[in-house]
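Enquirer: My questions all concern the structure below.
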Amino acid sequence: MEQFFALFTIFLSFAFPGRCSDVFSRSDFPEGFLFGAGTSAYQWEGAAAEDGRKPSVWDTLCYSRNIGNGDVTCDGYHKYKEDVKLMVDTNLDAFRFSISWSRLIPNGRGSVNQKGLQFYKNLISELITHGIEPHVTLYHYDHPQYLEDEYGGWVNNMMIKDFTAYVDVCFREFGNYVKFWTTINEANVFTIGGYNDGDTPPGRCSLPGKNCLLGNSSTETYIVGHNLLLAHASASRLYKQKYKDKQGGSIGFGLYLMGLTPSTSSKDDAIATQRAKDFYFGWFLGPLIFGDYPDTMKRTIGSRLPVFSEEESEQVKGSSDFIGINHYFAASVTNIKFKPSISGNPDFYSDMGAYVTYLGNFSVIEYPVAPWTMEAVLEYIKQSYDNPPVYILENGTPMTQHKDTHRVEYMNAYIGGVLKSIRNGSDTRGYFVWSFMDLFELIGRYDYGYGLYSVNFSDPHRKRSPRLSAHWYSDFLKGKTSFLDSKGIKELQSNFSSSS
């Protein structure tokens, strides 16, 4: 593979001998800025029933709805050493992955599964040995089914205690080598998808036409969001009181944030856009930065929105050392005058009072190249939420092609957008491509991949192969490849095709 990278670099030097005014390289980023790529436990590990692991709510949803599963997926559980070698070849600074709660503590509380513990120790050791920073997510859609059956999982505040005990094990066992912890992955979309819409784990809702056996879309969405914040605050407090002085790490919270723009120039749509930002951004950033929910949400949702006690408010406020952002595309916002609800009862969308429409032609799968949407998100966070440290924890586009030129163009543009935001004052400290390799996706399953590396899921050995984007990213991270303009990318596509 190194030989290919060398040839690829020589090719680029002939294809793009000049530099344009907006071309820049890795060296333009601040010292210590992390470039990486990501996966998550259920999407990458496989080995779903091996070595003591028990089902999570993600396993259960997949089997109950017959929508494919992550039983084997990439088989990262057995192939992690091979994958770390690929990370070295790609020149990653960091690798973002999650820990499976149901592998480490299969029943959600109580005894630790020693084989699961050893797997994560081995993975982290392999990363550290090869100079790759572990960036660990503690919860990624997959709490143990045992806790869901026992008391309803996140709809019950008993989850806060069990989550805190689980992360205590993680901090104790891995914290000497892990400096970056994200407690919850994309908390807003996890909550909306899992408890309002019922489309993602654990699949609870009360909307008609949905395949939900349990749930209440009017209340559970907000109860779960509240419990996630309290669980994060509890984990953060534990880390800072017990581990931070010795381990020196930081603890953050993850959100899925779109670039939101009014669909028209009307005042109503402008107001609706700000309301949508309060519901998507402020729902969690408000408590984390200021200690409470936005007034917009409190007025609209009323008694269905839980209330922080004074003590809870103080615990949540300032509990996040950084904000993790998952960002893929933009959306337009249209005001809803009469707040219709499918069920006749209020839910997240009717409460928000806005239609949010994704921008782009999604019939072609890949996402549009629109880096200004990420710039707008980072600027809004800077202006509205005291400019906290930020890591872009997911950014990428799905594609089916091996010669994924559009992904190269997308990554090039969005990384450039991050640099522009930094130059404009955003405290953004890292960028992670989603994903390092093709995975079992939350929505697309195995229909298309986001990976820098393709995975042959029909091959029992799950062969990995570098896409064009892997070579491009590797050369950029080595400082050999400067950013390409659109003309150069088209030439790259043509020349790469002719040389394949």
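Note: Cβ is positioned from N, Cα and C throughout, glycine not excepted.
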Enquirer: Can you match one of E82, E375, E394 to the beta-D-glucoside site that Swiss-Prot gives for Q43, H140, N185, E186, Y328, W434, Y450?
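Expert: My reading of Swiss-Prot gives E394 as the candidate in that site.
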Enquirer: Fewest neighbouring Cβ atoms within 10 Å: which of the recorded positions Q43, N185, N216, N456?
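Expert: It is N456 that, of the recorded positions Q43, N185, N216, N456, has the fewest other Cβ atoms within 10 Å.
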Enquirer: Hey, does DSSP put Q43 (beta-D-glucoside binding site) in a helix, a strand, or just coil?
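Expert: In three-state terms, Q43 (beta-D-glucoside binding site) counts as helix.
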Enquirer: Can you tell which of C205, C212 has the most other C-beta atoms within 10 Å, given these are the disulfide-bonded residues?
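Expert: Highest number of other Cβ atoms within 10 Å: C205.
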Enquirer: Could you give the maximum C-alpha to C-alpha distance in Å for the residues Q43, H140, N185, E186, Y328, E394, W434, Y450 that bind beta-D-glucoside per the record?
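Expert: Value for the max Cα separation, rounded to a whole number: 18 Å.
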Enquirer: If I take the Cα of N424 (N-linked glycosylation site) as reference, which of the recorded positions N185, C205, N361, Y450, N456 has the closest Cα?
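Expert: Closest by Cα: N185.
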Enquirer: Cβ-Cβ under 8 Å from E394 (beta-D-glucoside binding site), same chain, 6 or more residues apart: which ones?
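Expert: Correct list: G38, E186, I325, N326, H327, Y328, F432, W434, S435.
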Enquirer: Using all protein chains shown, find which of the binding-site residues W434, Y450 scores highest when you count other CB atoms within 10 A of its CB.
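Expert: Comparing the binding-site residues W434, Y450, the most crowded Cβ belongs to Y450.
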Enquirer: Enter the number of other CB atoms within 10 angstroms of the CB of E186 (beta-D-glucoside binding site).
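Expert: 24, counting other Cβ atoms within 10 Å of E186 (beta-D-glucoside binding site).
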